[in-house]
Amino acid sequence: MRTRFLFLTSGCKAVPELHKIVLANAAPVKNPEIRYASTENRNYYITTPIFYVNASPHLGHLYSAVIADCFHRHKQLQGFNSRFATGTDEHGLKIQQAAEAAGKEPLEFCTTVSERFRHLFSSCNISNTDYIRTTEQRHHRAVQHFWSVLCSKGLIYKGSYEGWYSTQDESFLTPSQVTTALDSTGKEIKVSLESGHKVEWMKEENYMFRLSGFRSQLLDWLRENPRAIQPERFHHSVLQWLQEELPDLSVSRQKSRLQWGIPVPEDDGQTIYVWLDALVNYLTVVGYPNNHERWWNVAHHIIGKDILKFHAIYWPSFLLGAGLPLPQTIHVHSHWTVAGKKMSKSLGNVIDPQERSQLFTTDGLRYFLLRQGVPDTDCDYRDDKVVKLLNAELADALGGLLNRCTATALNPAQVYASFCPDSFPRERGGRADDDDYRMLESVRHLPAVVEQHFEDMHVYKALEAVSTCVRQTNGFVQRHAPWKLDRKDSADQRWLGTIIHVSLECLRIYGTLLQPVVPEISNKLLSRLGVQPHERSWTNLNFLPRFEGKDCPFEGRALGSDSGVLFSRLESQRADQQKNRKMEKGSNLK
């Protein structure tokens, strides 16, 4: 018979499977009503996970932040009042031990690493509206209030815990989640099946949360809300986990083991479990326990797949217990690997996001992560992939199109050229061909396509759709070769203006839609077109009004003065190395 977690009321002897008997005698958990978030207002609240400060930020941390930032900017583009929180998780045994190893006080250690995250996000144009640290007093107050609410509802009781615990993961594990492995000396040790981190057998008296009473409510929530957890495969994973009974959860540690954390109210001998502490940050940011409803009703979480259980089982259960609405969506993303392997210090394959953002530009790295990152599956990172993608799509396709249509050779007047309905009539005819009409249809529907992909958390598909339209527009210009037209011929002159006008309209749509992804490049593109800041919202995505017989506010307007390159081509690492070797040889000859 398999031994389970032991969750026993104070004074009971630890016996396998006895927790069922104990719970039968304990006060029953009332089934709280599931409260769903409002979808009626124009507020939007998105969060990243708060990042653990045991080490410096890596590419995966930036990926989470870029995704959240992209959704935040997208909602702002659509006129939503958006709030975006990120920050650092600074309590727990792992931090306590890391600070001791570094010879620093825990708060000093946390502040140093937290500032690295803050600096990275600032330098990569992460536009968070709040940066939360779990060592702040506002969070301390929120966590203790949340704990007290759960206690008042009879959901926390004091008992004994005996089982496996991973300090690295700050996680309790069942026997089925543990396996045997060999350490570096060949000694047998127990490790987590999921993370591979070492686990230890722990036995202590602490506080338990009645997680076992929430399984049916969680199942109801997920079945009634099939888009609550996205992508779909992760929704199914959680449903699969819920096919088994949920054991109660230890939510505190003895202070003798863990000093670095928030004390349990009215029991200074216990410290609140780091995951309960950390998850409450999402409430702290919006003012919990006072005036939080306005924002908490529209909450969305961005998380990595490794912390799905904490966010999809523990967190909703805590919220249900506290009588609070559940988040509207939990967006889950997979991980970045290098040569198919997980990044780790021991393998020496950790990608420094700060270094790469300087190498490929901030917008370049953001574009690559969102264009290549697929939420459902792990993605492999290589520098040459970054160079190839950015050169093809940002430098050549988008940058080349802008350069062609705004160059003095084709547009000597430097204006938003005029559209001629006779050259490109609504009914097929004039000098436009079938491919041109198909291109117009693609660009006209592009905002709706992009919006749907954002709703599905498929930003990479939205960018693929934009890239396809950019290629179509380049094909349109290439087919009609406006540089070959005779400007002395009035018909050719009108057709030239029409080609440029249509191309600039396409670029305006692309620049507007790309603002959440590459804000600096989009700003440069739209400024070059003469599009003012107040003309860059979702409501301005009325494509080619002259084609519909309406006025175009941009027609005849002077273009912006910045005629610089939109995105400079990147040289491959191999080319850079060859260039450096030549320079070194040259300097040696002198």
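Even glycines carry a Cβ here, placed using N, Cα and C.
Taking Swiss-Prot as the reference, the stretch among 51-61, 117-127, 150-160, 513-523 described by the feature motif ''HIGH' region' is residues 51-61. Looking up the ranges 112-116, 182-186, 342-346, 487-491 in Swiss-Prot, the one annotated as motif ''KMSKS' region' turns out to be 342-346.
Taken through DSSP, the motif ''HIGH' region' (51-61) splits into 3 helix, 2 strand, 6 coil. Same-chain residues lying 6 or more positions outside the motif ''KMSKS' region' (342-346) and placing a CB less than 8 Å from one of its CB atoms are 55, 58-60, 335-336. Proximity of Lys345 (ATP binding site) to non-local residues of its own chain (separation of 6 or more, Cβ distance below 8 Å) is seen for Ala55, given in sequence order. Counting residues of the motif ''KMSKS' region' (342-346) by DSSP class, helix then strand then coil, yields 0 helix, 1 strand, 4 coil.
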